Each structure stands twice: as structure tokens, then as C-alpha cells.
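Positions annotated as active site, proton donor/acceptor by TrEMBL: 137. Here TrEMBL flags 11-17, 106-109, 141, 164-167, 180 as NADP(+) binding site. As annotated by TrEMBL, substrate binding site applies to 188, 203, 210, 273. Annotation comment: TrEMBL describes 7-241 as domain 'NAD-dependent epimerase/dehydratase'. What TrEMBL records for 108, 110 is site 'Important for catalytic activity'.
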Ligand SMILES: NC(=O)c1ccc[n+]([C@@H]2O[C@H](COP(=O)([O-])OP(=O)(O)OC[C@H]3O[C@@H](n4cnc5c(N)ncnc54)[C@H](OP(=O)(O)O)[C@@H]3O)[C@@H](O)[C@H]2O)c1
């Protein structure tokens, strides 16, 4: 990408998109296009094509999607399937119709088979059934990455797909009903500190292990991959993670320390644990020359401080 190349970031107000936007600005890219959902509803095929025909972007980051935690996924399988299929169909097809040079599609580690061997290598995709609690999301994402592959084969486009692990960062979703585990714990500890609670309840046994990548690192990886001459339509899927995981109890203890919470963590073992491990094999991206830079301690401090600062000025604070 040249600093003057026209770059469209879809979903620029989301966790991934906002960090991509910041990364590109920091690196001096000066021709970035963004549109809010009100300005351009990506579900609307005609409007999306009109936008691409007018703007003719050189590069596209497809970071718009319907994303949510387990409850949202379980109760809205149809909406996750429909909206994600529609958004990616519209953006990928319009990119092809208007000659986009390179597109980066965001897949997810959640779409590997539920009983996938660990750590998960790129070639394990579609070797077993997806997790039933998010099958709508997973099937849509698989269709998206297969669409990129099929367009590359049939039309000679240059679309790449990345598979990020669990992400976190400033701007994440902290809604108690819809958030992922890390932001949910940050909110829980911050609330407990504020209220002077004696204990916080942690669901499950605390033993399942998870991998977490700061969204700033993800953005760095995406820009690196889009710029890399060694990465093209023939590279196949690329996992993006840190290559290491921690248990949920270790994570809770880390957030406890950062928050200064003095009480106890109580395990509610009547609640489900979910998959025991979900770790990405990151040898492919390492061999391409990229690795994550932000440690989990540093990353959580960053997000914890952001959360306190942001939510203090909010009437609905905790
Ligand atoms: N978060 C993770 O842990 C994670 C992990 C792996 C992969 N990913 C992938 O990364 C990508 C981005 O995820 P994220 O966490 O950044 O999600 P997010 O924070 O929910 O952001 C999604 C963005 O998409 C936009 N969007 C959704 N529907 C739209 C529509 N109909 N028209 C226009 N814009 C629309 C949203 O706009 P509004 O701001 O208007 O709502 C928002 O800006 C997704 O493809 C996701 O699958 C995320």
C-alpha cells in the first residue's frame, strides 16, 4: 500500500476497525475512507455497489460484521447467519466488480471445529462440526473465506483471510449481557472495587485456558499482512494470535491484581466451563515475520484504565 492509496475500512467504529484506523493513521496513510452504518448500511447490496463504484478503493479491510458473546450467538443464530453473509457478500462482490487490488477478510478462531486438536492449525478448518452455540456465525464466516478463495481462483482477485484469536482492547463491548469473558471480568472487578464487595463469582472451575490478543496487535498484523509481498491469494488462511494461553482463573487473578480488589474470587462450579482449550498455532504468521508485542499484563492494564476513565464519565457507570 502507498501512503496515498485509497483504503476502505468497513466497521471502523468497532473494536477491530477502530484499531485499524488508528494504526493506518499512525503510519501516515492519508486516504482512508470510512462510513458509519447510518451513512452506508452494508446489508443493502445496491447501496454498497454504488459506494464502491463512486469511491473505487484500492484496498479493503472487511472488519464489519455482526459480532457477539455466547448468549447473543445462541439466541440469534438466524440474524448472525443472514447479516454476516449479506455484509461479506456485498463487500467482497463489490470489491471484485470495482477492481480492488487486495482485500483482507476477518475470519475467527471460533469457527474451527469444536473438537479441534490443539493448538489449532489453519488446515484443521472444516475437519469437524462447528460449535453448535455459534453455528450461524461460524457458517457465515466459513462462507466468507470460501468466497474469497473461490473469487481468487475464478477471477484472479487477491483476497486474504485472517483468523484472529479472542481479541480485547479499548472500545470493546462491556455490556454484561453480550460481552466476551475478558471485558466481562474487567467490568465485574471494577464494579466490585467501586462497591467495596467482599467477593466476586467466577463461572465454572476456572481451569479452561484461553488465548487473548490486544486489538492494537491485531491491527498491526493486518496492516503487515496487507503490505507483505509474500502474502497473496495463494497464502491461504493465516492465524493471528500470541501462541500462548492462560487459564480463566489466572486471568481473573491478573485483573484482580490490576484492579486492586481485596476480596475473594469464588468459583461457581455449577456453571459450564465450555471448551477446555482454544489456542491457535501461530507458526505460519511467525514464519512470515510477525509476532505479537503487547503482553497480557500490559494489555489488561491499558484496557482497565481505559474502562475506568470512559465509564466514569457515563451516567450509567457500573
Ligand atoms: N472481537 C473479537 O474477539 C474477534 C475475534 C476474532 C475475529 N473477530 C472478527 O473481527 C471482525 C470485527 O469484529 P469486532 O470485534 O471489531 O466487532 P464490533 O466491535 O462489533 O464491530 C463491528 C463493526 O461492524 C459494523 N457493522 C455491523 N453491521 C453493519 C451494517 N449492517 N452496516 C454497516 N456497518 C455494520 C458495526 O457498526 P456500528 O458501529 O454501527 O454498530 C461495527 O462498527 C469481525 O469480522 C469478527 O468476526 C473478532
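Keep in mind that glycine also has a Cβ here, set from the backbone N, Cα and C atoms.
Filtering 11, 108, 137, 164, 167, 203 by Cβ distance to ligand 1 (under 6 A) retains the following recorded positions: 11, 108, 164, 167. Within 10 Å of the C-beta of residue 11 (NADP(+) binding site) there are 25 other C-beta atoms, taking all protein chains into account. Here substrate is bound by 188, 203, 210, 273 per the record. The longest Cα to Cα distance in that group is 18 Å.
A distance of 9 Å separates the Cα atom of residue 164 (NADP(+) binding site) from that of residue 110 (site 'Important for catalytic activity'). Residue 188 (substrate binding site) sits 18 Å from residue 167 (NADP(+) binding site), taking the Cα positions as reference. Counting in whole angstrom, residue 210 (substrate binding site) lies 22 from residue 14 (NADP(+) binding site) by their C-alpha atoms. Under the DSSP three-state reduction, residue 17 (NADP(+) binding site) is assigned to helix. The distance from the Cα of residue 203 (substrate binding site) to the Cα of the residue listed as 'active site, proton donor/acceptor' comes to 24 Å. Here residue 273 (substrate binding site) is positioned 19 angstrom away from residue 167 (NADP(+) binding site), judged by their C-alpha atoms. Across the domain 'NAD-dependent epimerase/dehydratase' (7-241), mean pLDDT in this model comes to 95. Ranked by CA distance from residue 11 (NADP(+) binding site), the recorded positions 110, 137, 273 have 137 at the top as the closest. Around residue 167 (NADP(+) binding site), a 10 Å sphere centred on its CB holds 25 further CB atoms from the protein chains shown. Between the recorded positions 137, 203, the minimum number of other C-beta atoms within 10 Å of a residue's C-beta occurs at 203. In the three-state DSSP scheme, residue 203 (substrate binding site) is classed as strand.
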